[in-house]
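Novice: Per Swiss-Prot, the features are:
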BINDING   Asp10, His12, His44  divalent metal cation binding site
BINDING   10-12, 36-37, 58-60, 63-67, 102-108, 134-137, Phe141, Arg144  4-CDP-2-C-methyl-D-erythritol 2-phosphate binding site
SITE      His36  site 'Transition state stabilizer'
SITE      Thr135  site 'Transition state stabilizer'
Amino acid sequence: MNIRIGHGFDVHKFGGDSPLVLGGVTVPYDSGLIAHSDGDVVLHAISDAILGAMALGDIGKHFPDTDANFAGADSRVLLKHCYQLALQKQFVLGNLDVTIIAQAPKMAPHIEAIRQCLSADLQTDIDNINVKATTTENLGFTGRKEGIAVEAVVLMKSQ
């Protein structure tokens, strides 16, 4: 069996009046995230991790923010496209580990819904999906509640 590891990282700034969507789940909060697409920073980091594991570049290459076709794009559609590229290379998700870095909103009430959404979108058992959240103890831009950062690591295995 061939295995590959991918790492993804993304950051978005709070702003605007669009809803806050994280991992495909709408999370109640004062503000959404500023982005060319729907701003789902969780799905962007995961998409980058999958593309990285497959040596296919990053989401900016596949969905450039200069392309009006992707304005307001549903990040679940983008994630599914990235996963399809892995499937075409005969790779499936072994496991996924996501860290959401945010002072606010509190993520604990939303973690299981995010895991369920990711499990469905990535066609894998929920036991292969881990999502956790941490703060930066009021330090840096996330600590000042200016935005959210996410790291994602995937293990992809050949079929």
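Glycine is treated like the rest: Cβ placed from N, Cα and C.
Could you give the neighbours, burial and distances for every feature on this list?
Specialist: Same-chain residues at least 6 positions away in sequence with a Cβ under 8 Å from that of His12 (divalent metal cation binding site) are, in sequence order, Leu33, Ile34, Ala35, Gly39, Val41, His44, Gly147, Ile148.
Over all protein chains present, the Cβ of Asp67 (4-CDP-2-C-methyl-D-erythritol 2-phosphate binding site) has 10 other Cβ atoms lying within 10 Å. DSSP assigns Asp67 (4-CDP-2-C-methyl-D-erythritol 2-phosphate binding site) to coil in the three-state reduction, placing it in neither a helix nor a strand.
Under the three-state DSSP scheme, His36 (site 'Transition state stabilizer') falls in the coil class.
Counting only same-chain residues at least 6 apart in sequence, those with a Cβ under 8 Å from the Cβ of Thr135 (site 'Transition state stabilizer') are Ile101, Ala102, Gln103, Thr142, Gly143.
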Novice: Find, among the binding-site residues listed as Ser37, Thr134, the one whose Cβ has the highest number of other Cβ atoms within 10 Å in the structure shown.
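Specialist: Sorting the candidates by Cβ neighbours within 10 Å, the top entry is Ser37.
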Novice: Would you find the one among the binding-site residues His44, Phe141 whose Cβ has the most company, meaning other Cβ atoms within 10 Å?
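Specialist: Per the Cβ count, the most surrounded site is His44.
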Novice: So which of the recorded positions is most packed in, judged by how many other Cβ atoms lie within 10 Å of its Cβ, out of Asp10, His36, Phe63, Pro105?
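Specialist: Compared across Asp10, His36, Phe63, Pro105, the most Cβ atoms within 10 Å surround Asp10.
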Novice: Residues near the divalent metal cation site, Asp10, His12, His44 excluded, by Cβ within 8 Å of the Cβ center?
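Specialist: Output for this site, in sequence order: Val11, Leu33, Ala35, Gly39, Asp40, Val41, Val42, Leu43, Ala45, Ile148, Val150.
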